[in-house]
Amino acid sequence: MASLEIIKLEWATPIFKVVEHSQDGLYILLQGQVSWQNSSQTYDLDEGNMLFLRRGSYAVRCGTKEPCQLLWIPLPGSFLSTFLHRFGSLLSEIRRDNSTPKPLLIFNISPILSQSIQNLCAILERSDFPSVLTQLRIEELLLLLAFSSQGTLFLSALRHLGNRPEERLQKFMEENYLQGWKLSKFAREFGMGLTTFKELFGTVYGISPRAWISERRILYAHQLLLNCKMSIVDIAMEAGFSSQSYFTQSYRRRFGCTPSQARLTKIATTG
């Protein structure tokens, strides 16, 4: 079983920044309040909450003056496949949900989950313990989530993660979303007919390809806007928008302000 690199993070970002994830995983909010956004929804994570998210890019903001502290637990495909195989008989008792998995799931931490997290943190502080103990604690955590009130949705998401065509699509889209292709070209380059491509895309992302591509480009442009000195028109072109005016409209619709206002806010915040 693959070794898992669990990371303790400290964030202090009062404005939305883009966080990219190449793996699926769990966030445990130890302190503070964090807002996560995808293309269709905002998720507010409070202290004492846990968040499961699928790989991809999200806009994230810390909602408190003090830095937020989080624990990030990556869940590689090989680890999840082993977990599902090892506990397949037990997990088969949970009702199946065949709907499209949600990209994010928030869990309230119950007393038993809290105890499990404390045990995991205690092991992480001991460098003399074998890594298998960490893996066992994570498996315990996953089982508790699977048998929680949202266990059906959680397990549905885990089962989809082991689907190879879906993993291949995610990798393909992350590598090519900036291409100026028509949708039929995306499907052809992926090796599918347009209808089949749309169906697979809906299963993986729960939204249309056009909506996902637009969201991904906006997040990429947002990252450029806040972290480099490129002009707004150059950022619009770099992110695949046909014009600066279209980019400005899309950005305002997504973040509630113009690109110029966002850049000024960034300057005022960071000094």
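Backbone N, Cα and C define each Cβ position, glycine as well.
Residues 232-255 are the range that Swiss-Prot records as DNA-binding region, among 16-39, 40-63, 232-255.
DNA-binding region is the annotation Swiss-Prot gives to one range among 140-161, 184-205, 206-227, and that range is 184-205.
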